[in-house]
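S.K.: Supplied in structure tokens, the structure appears directly below.
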Amino acid sequence: MTKADTIFKENIECILKEGVFSEQARPKYKDGTVANSKYVTGAFSEYDLSKGEFPITTLRPIAIKSAIKEVLWIYQDQSNSLEVLNDKYNVHYWNDWEVGDTGTIGERYGAVVKKHDIINKLLKQLETNPWNRRNIISLWDYQAFEETDGLLPCAFQTMFDVRRVDGEIYLDATLTQRSNDMLVAHHINAMQYVALQMMIAKHFGWKVGKFFYFINNLHIYDNQFEQAQELLRREPSNCQPRLVLNVPDGTNFFDIKAEDFELVDYDPVKPQLKFDLAI
């Protein structure tokens, strides 16, 4: 069993046994009913990517390519346009969060990255002094939240540090997430930011190091308990999945494409489970 599968099952069991139910919940299912959830607070996990530990479960298939394309939309295109996401990347799951008829998700994610020139500033800081303790991406912008409607960012802060070990520089990353749908989005979000970490490491010719993942509110929606039990019953696949970025060291961050990533030794348990999403 991979480390990710162990953590996945432990988190599911913890939520089901020790979690509490939400109150005054904002999300709704497509039929208009309130989407309550059972949750725990302060969930933390750690993966050493340099040792082949990746935060992706084998207990069900994870759509890794779409997840990586979303990261490119946010940090390369620096866009909030659904047209860009749909037409350039053929990714459509954000359409349910369109703000009115704007064709956007509001001033969120990529729009905030562009507004503050976040990724260019980060790369410049890492180039100038990678050992400084201020290499942070933050998508939490109160002014933007007041200016437009839209879903507030779930994965909103990423911090980066470097370590020199045996002459090699390793890039570590810490992702902080305010809210996470454990069964649907947990491994998607984690692998998205592992991909971002790998892109930045490649830009500088560094090794990928450790990935730390903190979630403030980790939950299972009240229409997912049957799927949760099914995941607990499943035996994990006998594989060791890992994400590979097939570009040379020193490849410019903005030149990396979704097709450059390869998920190897990944044979997840099937069939896929179905989930009705909360919007």
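First residue shown is number 1, and so on along the chain.
From the backbone N, Cα and C atoms, a Cβ is placed for every residue, glycine too.
As the structure is a computational prediction, the values presented were derived from the model and not from experiment.
Quick paste of what Swiss-Prot says about this protein:
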type	residues	note
BINDING	R133, R134, R178, S179, N180, D181, N189, H219, I220, Y221	dUMP binding site
ACT_SITE	C154	active site, nucleophile
BINDING	D181, A278	(6R)-5,10-methylene-5,6,7,8-tetrahydrofolate binding site
S.K.: About how far apart, in whole Å, are the alpha carbons (Cα) of N180 (dUMP binding site) and the residue listed as 'active site, nucleophile'?
M.R.: 7
S.K.: As a test of the contact definition, list every same-chain residue at least 6 positions from R133 (dUMP binding site) whose Cβ is closer than 8 Å to its Cβ.
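M.R.: In sequence order, D161 meet the Cβ cut-off.
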S.K.: What same-chain residues, at least 6 away in sequence, bring their CB to under 8 Å of the CB of R178 (dUMP binding site)?
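M.R.: When sequence neighbours closer than 6 are ignored, R178 (dUMP binding site) has L152, P153, C154, F156, N216, N217 within Cβ distance under 8 Å.
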S.K.: Determine the Cβ neighbour count for I220 (dUMP binding site): the number of other Cβ atoms within 10 Å of its Cβ.
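M.R.: Taking all protein chains shown, I220 (dUMP binding site) has 22 Cβ neighbours within 10 Å.
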S.K.: Including all protein chains shown, what's the count of other C-beta atoms within 10 A of the C-beta of N189 (dUMP binding site)?
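M.R.: The Cβ of N189 (dUMP binding site) has 22 Cβ neighbours within 10 Å.
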S.K.: Any idea which of the recorded positions C154, A278 has the thinnest Cβ neighbourhood at 10 Å?
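M.R.: Result for the recorded positions C154, A278: minimum number of other Cβ atoms within 10 Å at C154.
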S.K.: Rounded to whole angstrom, what's the largest C-alpha distance between any two of R133, R134, R178, S179, N180, D181, N189, H219, I220, Y221, listed as binding dUMP?
M.R.: 37
